[in-house]
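Per Swiss-Prot, the features are:
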type	residues	note
SITE	28	site 'Important for efficient shutoff activity'
SITE	65	site 'Important for efficient shutoff activity'
ACT_SITE	80	active site
ACT_SITE	108	active site
SITE	195	site 'Important for efficient shutoff activity and nuclear localization'
SITE	198	site 'Important for efficient shutoff activity and nuclear localization'
SITE	199	site 'Important for efficient shutoff activity and nuclear localization'
SITE	202	site 'Important for efficient shutoff activity'
SITE	203	site 'Important for efficient shutoff activity'
SITE	206	site 'Important for efficient shutoff activity'
């Protein structure tokens, strides 16, 4: 799984995920499924905001990177992936500027068009189950929730999907591709099932020549929002390196 992640995700996303796991004492060599899940979630957050801007009339428009109007205001502020202190600084700044209610938990994005924070979810289970879990945790009608699955399903607060159909299709296609690539490598079952994950882990440890008695317990702790290696204040180049291109999974 670790090799798969390094091959199929943008190197910067991989580095951010590594730093997030290290900060919380999680070993990516052991918790490879969590490593893959963190990378997937971060990529979806960036794809969610890709090419979406707000013009002078306050209208949401889609602009390609090489467009001369790329200096328009970004529609979405990316909070996920920042250092925790920086993330709360950005959230507080947004609340002070827009009058938005401060969320109890760090959200993933802020939508300047709809003036609301957004919580993004990527699940390997039924979307409605994961949606309810998110809603019960957040307990706030002010934070908009949008859940994606690897099967192309999605669910959002009040069926308001925020993005246009084409933008959402890009995310769904990427998730489906990740699932297919995992399946072709025999990794999907272990990614979905904890029992299969333990079997795969033992197999990986043996193949690496490690002691058969090495610990195989997978931590149940949930990592908070990803921690980015440096702040990205809102400007036209803040996510250029990530938006330039997402690496495609090489053929098996």
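Cβ atoms are placed via backbone N, Cα and C, with glycine included.
Features per Swiss-Prot, on structure.
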residue	record	Cβ neighbours (10 Å)
28	site 'Important for efficient shutoff activity'	19
80	active site	25
108	active site	26
Request  = Round to the nearest Å and give the CA-to-CA distance linking residue 28 (site 'Important for efficient shutoff activity') with residue 80 (active site).
outcome  = 20
Query = Rounded to a whole number, how many Å is the Cα of residue 108 (active site) away from the Cα of residue 80 (active site)?
reply = 4
